[in-house]
Structures are given as structure tokens and as C-alpha cells.
């Protein structure tokens, strides 16, 4: 399977989740073996950051990368789109210190990348494959990874809210199945949003880019895009956070109520024990499967909402 990049540069702008100000982003093609890199405009010039577990400096509201005085926040939805479409090499130019939040999902980034076009390169795709079972747990939340020739996620969430409850999703992540999760938006609770705004945080958060819930209902006038949009978004976040390994990660991941902090802790553990749990693999062209033979998305939702 060959590495890929985009065919041409493409730009967008939008609101930054943290600052509430307009930020600008340009996606550029990149040479083979570049990987995903962020070129961040700062007062001292352009600083480059390549995603890896150790450069994650914050996991509160979103995943933030930082290095040498430069940082870029809210990277996970863009990274999920890049990984979901199996793009290996791309340069992300950022003005404003954040990836724009857009509508709170990855749908706009998928549209941008598809509009830019995807170009096959010459070199073989490099991946890290889970070599043996590994379990990571903290405070009752966990990630279990098993060897698997692909990227499969089984995710469970549980929230004491009548519209969420317990939800599960099982999906093989491919360019064909990624649409199952790409449109799922980030979500939060009204009491949390009000508190964050009072502290000058999440100033760009609104009903335009997040699902907001009170104690019983969704406040967004158009409601949910699917009853299990919540777990779909958690899978989206997980795909984006797993992109921090620098090259695609293959395995079967069974995830219980994780979040950005646990995802990053899991990756740091893998990186520190790479000789035990990871196998570096090149996927030659001969291993590429026709799209029609790729695994389809498999969705299973438990605990249908008590309130429709």
C-alpha cells in the first residue's frame, strides 16, 4: 500500500474553540516520509511540530501540542480526518494557535481533504501494528489493544443522562467507513459551558459547534444527527488521538469510557515499551485491497435513549 498526500494546497478559516477568535489553516501536500506536521506562525517565526505522544501538553478541553514555545490546540478532529482518509504526508499551516473548531465534527475537514484530492506516492506505507495484547487502565477507564491487520475500534461510554446512558460502537476505520463517525459533534453540558465561559475558557464554544445538553434535553434546535452521536464522537476523538504516534497505528482497540488524557497516557506507554508491544511494518502495494473488499462499518448501540 503506497503512501499518500493531497494533490494541492487548500485553506479554510473558522472560530478557535479556546480564543473565540478567527483562526486560519492551510493544508499543503508533503513529500514521502514527512508524516503529519504542523507549521505554526508565532511572533518569532514559523515553528514546526510533528505529532507524537511526548509533545502533547494539554488534554483538558481538547488535545494540544506544544514545543519550543509554539503550540497548536484542538488538533484531534483534523487528525482523525487525515487518518480516516488514510493520508500519510501533509503539512498543516496554522495562524492563530488553534485548528478551527468548524461545526465540532470532522465533516468539514473531510470535505477540505477530498476537495484537495488525494495523490498516491511511490514509497510503501509504514505503520505500527500491535504485536501482542496490552491493557492500560486508570480510574476505572481503560484501553485494551489486540493484534489486528487494520484499525478496529470498539468503544463504550456511559453517562447518567437520559439521552446518553450506555452506548457502544464497533467499527473498522477505513476511508469508506469513516463517514459513520465524521459528522458526529463534540458535546458538553450547559453547566460546564457556563462555568468555562465565566473563567474565560472555551470562548468559541456555542450551539454552532457543539451539542449542548441540560439535565434532560439537547438545546440545539436541530437536535442530534443520530441517537448515538455521543459515542460516535468519542470514537472520532480516539482516532485523532491515536494519530499522535506519527504513523498509522493498527490493532483492535477495546475502549471503556476513555478521553484525551487516557488516550495520551496509553500512547506514551506504548512508545516507552515499543519493543514489547509494537511492530514496525511496511505495507507494499501487493497488500492493497480493493475498496469493495475492505471491512464495512459495524455499529452496535446499547441503551437507546429514554427520551426520544
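Heads up, the Cβ atoms here are built off N, Cα and C, so glycines get one too.
Among the candidates 41, 77, 135, the residue that Swiss-Prot annotates alongside 233, 237 as binding Zn(2+) is 77.
In this structure, the CA atom of residue 77 (Zn(2+) binding site) is 12 Å away from the CA atom of residue 260 (active site, proton donor). The two recorded residues, residue 233 (Zn(2+) binding site) and residue 260 (active site, proton donor), show a Cα separation of 12 Å. The Cβ of residue 260 (active site, proton donor) lies under 8 Å from the Cβ of 59, 60, 62, 63, 76, 237, 241, each of these being in the same chain and 6 or more residues away along the sequence.
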